[in-house]
Amino acid sequence: MARPKIALIGAGQIGGTLAHLAALKELGDVVLFDIAEGIPEGKALDIAESGPSAKFDAALSGTQSYEDIAGADVCIVTAGVARKPGMSRDDLLGINLKVMKSVGEGIAAHAPEAFVICITNPLDAMVWALREFSGLPHEKVCGMAGVLDSARFRHFLADEFNVSMKDVTAFVLGGHGDTMVPLVRYSTVAGIPLPDLVKMGWTSQEKLDAIVQRTRDGGAEIVGLLKTGSAFYAPATSAIEMAESYLKDQKRVLPCAAYVDGAYGLNGFYVGVPTVIGAGGIERVVEISMNKDEQTMFDNSVNAVKGLVEACKGIDNSL
Ligand code: A3D
């Protein structure tokens, strides 16, 4: 059987890391697409030349032509601009909306059967716009944010408790941004919910609150340190986890920006929710019950995303 084909639209920091991880994990052959001449070709060749030492079998190529993504099984979209210090994710809206238009049309024309994972910010609005421009089925277009946000939360918690991050599960809902909703009640160490761990004296409520805030600010923390761009290792790893679940029909339960129609009181809207990712794409949106405070935070987050979607409609009247 032929190897799956993975098209990476955008060969910048995240795109290059995605290509490397996809090759190392032998998820399939990789095509890197970028408008910047030489960058996708150079990264593809460099990674291919690491193959003999890393011992993977995967073909890598770089291109400026959408024809070369033809028949891709998965497309991961990072095309656009990333944040610099002082910029919010929302500052990127106008520039990246135009990029989503060309990418959406390129995917529709050459890889309409693909499972599409958007990473470009502002995430929840860009994944919505990409779906609109591409016209692909809603369950085949999603956004990566929740896996990364919950990975950051899990890392901070594992560090605080001095336990393996493998035993820490964490739950993050809502939009990717300052209004994201880390759900403490549904986050656990080996099944023990965080509020119980506070009662058990493993940590204090103050420390837990600080970790929640650090999770919300996780992207900005990296931007502040790097100064020249935003996070790329963890974002790429998160998207690869989602792609792998699709390609291998793993049916992982992963939080991602998915189209929610009916659940959570939403009628046709992209927002971060727990989902099941398998061969059908987003096979299920998992609806959990929220208490009053959680619902208020979720509603705030949804309203922030709605504002961005309205801003997109104001910029491009084909939407
Ligand atoms: P960067 O290294 O700048 O790469 C972006 C690439 O896109 C560059 O190589 C550009 O040449 C290319 N590009 C620009 N316009 C087009 C186009 N029209 N078609 C094809 N390629 C194009 O950025 P990055 O890889 O660090 O980040 C990529 C995106 O991911 C940015 O929008 C970030 O804000 C976003 N991001 C999202 C998360 C989430 O958790 C959602 C995390 C980190 C970064």
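Cβ atoms are placed via backbone N, Cα and C, with glycine included.
Just so you know, TrEMBL annotations are computer predictions that nobody has curated.
Substrate binding, as stated in TrEMBL, involves Arg83, Arg89, Arg152; the candidate among Asn121, Asn267, Asn291 given for that site is Asn121. Of the listed candidates (Asp29, Asp34, Asp73), TrEMBL assigns Asp34 to the same NAD(+) site as Gly10, Ala11, Gly12, Gln13, Ile14, Gly15, Asn96, Ile119, Thr120, Asn121.
Screening the recorded positions Asp34, Arg152, His176 for a C-beta under 6 A from any atom of ligand 1 leaves Asp34, His176.
Sorting the binding-site residues Gly10, Gly12 by the number of other Cβ atoms within 10 Å puts Gly10 first.
Mean model confidence of the domain 'Lactate/malate dehydrogenase N-terminal' (5-143) amounts to 95 (pLDDT, 0 to 100 scale). Closest to Arg83 (substrate binding site) by Cα-Cα distance, out of the binding-site residues Gly10, Ile119, Asn121, is Asn121. Checked against Asp34 (NAD(+) binding site), the recorded positions Arg89, Arg152, His176 differ in C-alpha distance, with Arg89 being the nearest.
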